[in-house]
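K.L.:
For reference, the structure I am asking about is given below.
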Amino acid sequence: MSGALDVLQMKEEDVLKFLAAGTHLGGTNLDFQMEQYIYKRKSDGIYIINLKRTWEKLLLAARAIVAIENPADVSVISSRNTGQRAVLKFAAATGATPIAGRFTPGTFTNQIQAAFREPRLLVVTDPRADHQPLTEASYVNLPTIALCNTDSPLRYVDIAIPCNNKGAHSVGLMWWMLAREVLRMRGTISREHPWEVMPDLYFYRDPEEIEKEEQAAAEKAVTKEEFQGEWTAPAPEFTAAQPEVADWSEGVQVPSVPIQQFPTEDWSARPFTEDWSAAPTAQATEWVGTTSELS
């Protein structure tokens, strides 16, 4: 399919991207029309997709998209969440018309409604989830391209690109690859230099995961500021200006502090006024008497 041209052959970095994203991993079920794209079957029942056939169909789909004179006449659709961001990014890069989310029935057939469109080419992410636009495309003789898994029905699909259309990374990578090949065939970007757009921008991210990451980053920033504040706070006793002393042997003149004066009385000069050997006081006698009476 690549015409035996070296520039159109699949590079090693492309294969590594496919393997890292899990594009070659299909499902446990197999449609009879997808048997031609299967390489092997694993011991756990998962079918392995032949990436060589995936690359050939990717180039064929890119040629079909480039053949449309007006890029806006190409409609790209994804009703599933995993492909909506990729569809929007693909449309922004190639000029296609995106439909991300629910497809309104009658968009291609009902001329009365405001959302009526007449595209010349349709690209969908999942033939099973996007069955409505595929069915309407068959009514108006609209050629279709679809990312197909091992169990995807190929009814009303003209160009099937075998790949894993369930994983978020695989779907994002396939749309990124398709956008890159379209731009290369149009001459917008060169094949000699890598595309500056990263595949990560086409990946779907769960809003809950993004919120959790933002909260974790905010908490980490707060704890880091508190930690730095505790250790970087200036201590007043160490940062106070110290007096300059030319000769350290002289020392620093310490300001004199008034010392509280206490009476210097001679305790031995006091007259002896009490005899410790005298008899106990009357009060003690009374207590003794009281004790004797009680006894």
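The backbone N, Cα and C atoms fix where each Cβ goes, and this holds for glycine too.
According to Swiss-Prot, the protein has these features:
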type	residues	note
COMPBIAS	214-227	compositional bias 'Basic and acidic residues'
CROSSLNK	LYS89	SUMO2 cross-link
MOD_RES	SER2	N-acetylserine
MOD_RES	SER43	phosphoserine
MOD_RES	LYS52	N6-acetyllysine
MOD_RES	LYS89	N6-acetyllysine
MOD_RES	THR97	phosphothreonine
REGION	54-113	region 'Interaction with PPP1R16B'
REGION	161-180	region 'Laminin-binding'
REGION	205-229	region 'Laminin-binding'
REGION	214-240	region 'Disordered'
REGION	242-295	region 'Laminin-binding'
REGION	263-295	region 'Disordered'
K.L.:
Hey, does DSSP put THR97 (phosphothreonine) in a helix, a strand, or just coil?
P.N.:
strand
K.L.:
Counting each residue once, how many in the region 'Laminin-binding' (205-229) are helix, strand and coil under DSSP?
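P.N.:
Once the DSSP states are binned, the region 'Laminin-binding' (205-229) shows 23 helix, 0 strand, 2 coil.
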K.L.:
Here are the modified residues: SER43, THR97. Which has the lowest count of other Cβ atoms within 10 Å?
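P.N.:
Minimum Cβ neighbour count within 10 Å, taken over the modified residues SER43, THR97, occurs at SER43.
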K.L.:
What is the pLDDT of the region 'Laminin-binding' (205-229) when averaged and given as a whole number?
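P.N.:
Looking only at the region 'Laminin-binding' (205-229), pLDDT averages out to 75.
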K.L.:
Give residue numbers and ranges for long-range contacts of the region 'Laminin-binding' (205-229): same chain, 6 or more residues beyond its ends, CB-CB under 8 A.
P.N.:
85, 168
K.L.:
What parts of the chain pack near the region 'Laminin-binding' (161-180), using Cβ distances under 8 Å and only residues at least 6 beyond its ends?
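P.N.:
Answer is 14, 17-18, 20-27, 34, 37, 49-50, 53-54, 57-58, 61-62, 65, 82-83, 85-87, 89-90, 93-94, 123, 125-126, 145-150, 152, 189, 195, 197, 199-205.
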K.L.:
Pick the one among the recorded positions LYS52, LYS89 whose Cβ has the fewest other Cβ atoms within 10 Å in this structure.
P.N.:
LYS52
K.L.:
So, by DSSP, how many helix, strand and coil residues make up the region 'Laminin-binding' (161-180)?
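P.N.:
DSSP composition of the region 'Laminin-binding' (161-180): 13 helix, 2 strand, 5 coil.
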K.L.:
Nearest by CA distance to the residue listed as 'phosphoserine': which of the recorded positions is it, out of LYS52, LYS89, THR97?
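P.N.:
Going through LYS52, LYS89, THR97 one by one, the Cα closest to that of the residue listed as 'phosphoserine' is LYS52.
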K.L.:
Per DSSP, how many helix, strand and coil residues does the region 'Interaction with PPP1R16B' (54-113) have?
P.N.:
30 helix, 9 strand, 21 coil
K.L.:
I need the CA-to-CA distance for LYS89 (SUMO2 cross-link) versus THR97 (phosphothreonine), whole Å please.
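P.N.:
Each residue's Cα considered, LYS89 (SUMO2 cross-link) and THR97 (phosphothreonine) end up 11 Å apart.
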K.L.:
Cα of LYS52 (N6-acetyllysine) to Cα of THR97 (phosphothreonine): how many Å, rounded?
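P.N.:
Just about 29 Å between their Cα atoms.
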K.L.:
Which three-state DSSP class does LYS52 (N6-acetyllysine) fall into?
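P.N.:
Going by the DSSP assignment, LYS52 (N6-acetyllysine) falls within a helical segment, counted as helix.
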